[in-house]
Amino acid sequence: MALDAESFSLLRASVQRFIEERLKPAEDTLEELDDVPADIVADMKEMGLFGISIPEEYGGIGLSMSQECEVVYDLGHTAFAFRSVFGTNVGIGSQGILMDGTEEQKQAYLPRIASGDLIISFALTEPEAGSDAASVQTRAVLEGDHYVINGTKRFITNAPRAGAFTLMARTGDAGASGISSFIVPADTPGITLGKPDRKMGQRGTKTCDVVLENVRVPAANIIGGVPGVGFKTAMKVLDRGRLHISALACGMAHRLITDAVAYARERKQFGKPIGDFQLIQAMLADSQAELYAGMSMVRDCAQRYDAKAPGKADPEVSMLASCTKMFCTEMVGRVADRAVQIHGGAGYIAEYKAERFYRDVRLLRLYEGTTQIQQLIIAKQLLRD
Ligand code: COS
């Protein structure tokens, strides 16, 4: 699946224009409102951004992973909260249905996800199940032709906006093979939302707990209709998500370098622009070289992702996606730190974006698998027989 080259370059140009003309000027409003203005969300729907990764037959734009990474790189040039509004529809919320869902489930959900009429969230994490995702405690018990679900999901991105969740719950014994993925409409009786999480950064993104008390969901809502394979679905979704996050990290690294270069040109000390000093130049050069390395990894890994059988696991590609996620998210942390340093005292002041983005990028090393989880995945694959 890929969009033809000409349509893709038109799409990309219009996304880039949208970022420059609409999103960047709204960065401060976003910060003040702690939300994405409704007119911007309406424009995103109009542009088809909610459905970039969904095939055309289900109402989306049908980008390949390589193409998606280029668009997400562009979106990384502005506050992450803009992308987050449609991020779960493009990635972790929808992809389980696309990869493993039945045709009926795809027809029922993907067109509404692609148009943005339905926001879908990914509900895996729990108070006691984070890095150890296979220890999910939320339980789904079969009663006739329904499952009754009880449990709590934590830090669920877009839960306050969601019309549905792809939600992992235990239908069987302990361990990964006892987990199933469900499509759970958000208005099902028994679902309540916790209060919005207050976070270090990324204002305008929405996360909260999702509490399920005797939530009755038709057995037909198990993704693919098969219980016990939900953990694998979740892992495949995360492999893909990790590449998406890597491209986002690179986009933000580019923004931070651009802002740091502009500041280094304009700020004068000792009678000349600070960019004339080699110690400042070294920080810029290190950042640029690391960005180049990261984006090269993203492009290579995305190409391999596109070359494998669609929706099927490939341990080598999973391992490379973890390498890419680990490198790119750590890289943007270093780049943000240098951007603050180049700005000097101004780098600690909220008026300058370096301070805000420094806090925003911190999340990338935590969600969709911490750096330490990526290390485990990489080492496990290397040491495999
Ligand atoms: N694709 C498909 N299947 C996968 C897979 C992948 N990427 N990774 C693992 N699996 C399969 C395994 O092949 C195994 O299947 P079999 O039992 O049939 O062999 C099963 O899933 C269990 O795998 P494994 O034994 O490796 O699971 P572990 O419990 O050891 O944990 C880690 C694996 C730690 C890698 C996993 O729990 C993880 O990714 N944790 C981080 C979770 C995360 O990213 N959370 C963020 C929440 S979303 S923002």
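The backbone N, Cα and C atoms fix where each Cβ goes, glycine too.
Remember, TrEMBL labels are computer predictions, not curated facts.
Per TrEMBL, the features are:
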type	residues	note
DOMAIN	9-117	domain 'Acyl-CoA dehydrogenase/oxidase N-terminal'
DOMAIN	121-215	domain 'Acyl-CoA oxidase/dehydrogenase middle'
DOMAIN	229-383	domain 'Acyl-CoA dehydrogenase/oxidase C-terminal'
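When pLDDT values are averaged over the domain 'Acyl-CoA dehydrogenase/oxidase N-terminal' (9-117), the model yields 98.
According to DSSP, the secondary structure content of the domain 'Acyl-CoA dehydrogenase/oxidase N-terminal' (9-117) in residues is 82 helix, 0 strand, 27 coil. Per DSSP, the domain 'Acyl-CoA oxidase/dehydrogenase middle' (121-215) is made up of 9 helix, 50 strand, 36 coil.
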